[in-house]
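Copied over from TrEMBL:
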- A:H248: active site, tele-phosphohistidine intermediate (ACT_SITE)
- A:T17, A:G18, A:K19, A:E20, A:K43, A:I96, A:T97, A:E98: CoA binding site (BINDING)
- A:Y159: substrate binding site (BINDING)
- A:4-100: domain 'CoA-binding' (DOMAIN)
Amino acid sequence: MSILVGANSRILVQGLTGKEATFHAQRMLEYGTRLVAGVTPGKGGQVHLGLPVFNTVEEAVRAEEPEVSIIFVPPLAGAEAIMEAAQAGIKLIVCITEGIPLLDMLRAKSWTKRYGASLIGPNTPGLISPGKSKVGIMPGHIHRPGSVGLISRSGTLTYEAVNQLTTIGLGQSTAVGIGGDPVVGLKFVELLEMFRTDEQTRAVVLIGEIGGQAEEEAAGYLKASAYPKPVLAYVAGRTAPPGKRLGHAGAIIEGRQGSAGDKIDRLREAGVKIIDNPARIGLMTAEVLSAR
Amino acid sequence: MLIHEFQAKNFLQGLGWRIPVAALAETAKEARRLATELGCPVMLKAQVLAGGRGQAGGVLRATTPEEAEKLAGRLLGSRLVTAQTGGQGLPVSRLLVEKAISLKKEYYCGLAVDRRNETLVAIASRQGGLNIEELSGARPELIKKIFFTPDEGLKQFQARQLAYFLELPENLIRDFVVRLKRLSEFFLQNDLKLLEINPLAWSQDDQLLAVDARMEFDDCSLARHPELAALRDESQENELEKRARKFGLNYLKMNGSIGCLVNGAGLAMATMDIIQHFGGQPANFLDIGGGVTEEAVSQAFELLLSDSQVVVALINIFGGIVRCDLVARGVLAAASRISLNRPVVVRLEGTNVAEGRRILEESGLPFIFAADFEQAARLAVELSRQTR
């Protein structure tokens, strides 16, 4: 299997006719992703990249029955796009948009919960189940189908990790970017739970970073759950000064909370194999898998 | 985006909060005149965008206008170093000259986004004037938190719960409730991330006064609040960081000797980490971002080398949307403007890597190519030792 998306997942693109969306939709189509429709208000009835364009998500859902939506809209329209998808019955919403205001995201997140939709992101490269479906902006060619599940708060660092895995001969079941913002949808805990029962996945790699509590929550979950698969983790930002935002809106040590050292300690206590050198993510995963 | 104390207090006053009588001074003479007008004793408060001013000597008390002039002369034009500013400190170009008040009691009152619970929180503390986070660690029984959502807003009864928790005198409860509710509406309308009144004082003449205030707005929302964006004080920003922002770059100065140029925040952090892992020290965090132009790369490279502490540069690119050839051209453009007098280690991977490498190789400049992430870090650390 793989988690969240497979070869038959039907995907909608919100904001399809925009420049960035067009570029990435083309790459997704080339990868073999089943894009079925786009939404751009005011452009309903047009055909773009061979896909039908609708004015609203509701119309697109009625006509083409997508289960997943990927969002490329400007930051101030991001929260509304998420809400619109959730209300229209989309079950998995992947929001690529970076820079959505924080209060907007609080509202959008509670909205997705109300409608039972899962959210990935915002400010994420998206997710990919290699060889099946790419719902995101990551370079597809570095991925291979395989047995490692990857969950990351980062973009290019995820590509680095994937590339190391592929180079050493380890493919990926699904690689998910959960997003670099302070408020995001699914986090480590929910995704670890999905990988737990995924038969294709034999090990899970977490790429965390400073700020927030997602890594601590993952540690708590792993400690309590007798997790059946090996979990490895690299946490970026050991050298980060407190109180300074490092690129991602969510990557900031606030007061005494969210330092890399704390996160690493908690994960190690929970039985997670800690990767100290970010150039050895592939190597250490291979070692852990061959030892089993 | 943080705003100054005096700006935050202007907002508070507009919302019905009482603040101590005060005015701004930009010269020592003005401070003296204001001290005379307001009547001594007065407080002289350095307007810098960082907490910890009190302990750092940025808030001084003057008992005569002459003393006010003398102390103001010392503060104005200096750089104030607090626990939050880093070693360079921040320039003091304005003082808030404020009539000192005698008070019966100090409290804390704040509104914030609670990231963990993904909601909003109103916080009150029976003890004010201190760092709320330290206080919540040491004396949690002095603090009460009430959660509320952006859609529902803070209710009157919730504000009342906090008022009674603070054990405010009965005649001040109503004022506090009305003002806190109004404050929460202001918070929501203007996309704040943090708002603190600390201390909130119960004065000898039985008033509730906002003695100090801190407001932080969400940078992501400034596009829809141009009037707030105009409050930004660029004189409080590090020159290099300001230059970086102009080109859409995320730059943060650190104290090491290896300058890094990386695409992506996570990879940039990992690059700093791996440098330290092999015994070196990063000079900066620099993420050139995803939608970067050749011009911005060239600015980034020049910026990195303008830090005199940098003895080795490390370029670490994993091309996805960012193309390696674009980065290579940007680096060369910078190299044509400035002399490349320090070693540059280059690691390129991903989109158009061959083309990027060819461009750098054919330039004839002495770039040092690394095969992978680890080798790049090792080389940079080794070179930083040799050149020290």
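Note that the numbers count up from 1, one per residue, in the order the chain is shown.
Here the Cβ of each residue, glycine as well, is placed from N, Cα and C on the backbone.
All annotation found in TrEMBL is predicted automatically rather than curated by experts.
A Cα-Cα distance of 24 Å separates A:G18 (CoA binding site) from A:H248 (active site, tele-phosphohistidine intermediate).
Proximity to chain B (Cβ-Cβ under 8 A) holds for none of the binding-site residues A:G18, A:K19, A:K43, A:I96. Rounded to a whole number, the C-alpha distance linking A:E20 (CoA binding site) with A:H248 (active site, tele-phosphohistidine intermediate) is 20 angstrom.
Per-residue pLDDT, averaged over the domain 'CoA-binding' (A:4-100), rounds to 96. Take the Cα of A:H248 (active site, tele-phosphohistidine intermediate) and measure to each of the binding-site residues A:T17, A:I96, A:E98, A:Y159: the nearest one is A:E98. Here the CA atom of A:Y159 (substrate binding site) lies 34 Å from the CA atom of A:K43 (CoA binding site). Across the annotated binding residues for CoA (A:T17, A:G18, A:K19, A:E20, A:K43, A:I96, A:T97, A:E98), the two most widely spaced Cα atoms sit 24 Å apart. Assigned with DSSP, the residues of the domain 'CoA-binding' (A:4-100) fall into helix, strand and coil as follows: 34 helix, 23 strand, 40 coil. There are 14 other CB atoms within 10 A of the CB of A:K43 (CoA binding site), with all protein chains counted. A:E98 (CoA binding site) is 18 Å away from the residue listed as 'substrate binding site' when you measure Cα to Cα. For the binding-site residues shown (A:T17, A:T97), fewest C-beta neighbours within 10 angstroms: A:T17.
Residue density at A:E98 (CoA binding site): 21 other Cβ atoms are found within 10 A of its Cβ, drawing on all protein chains shown. Look at the recorded positions A:G18, A:K19, A:E20, A:I96, A:H248 and count other Cβ atoms within 10 Å of each Cβ; A:K19 has the fewest. The secondary structure of A:Y159 (substrate binding site), as reduced to three states from DSSP, is helical.
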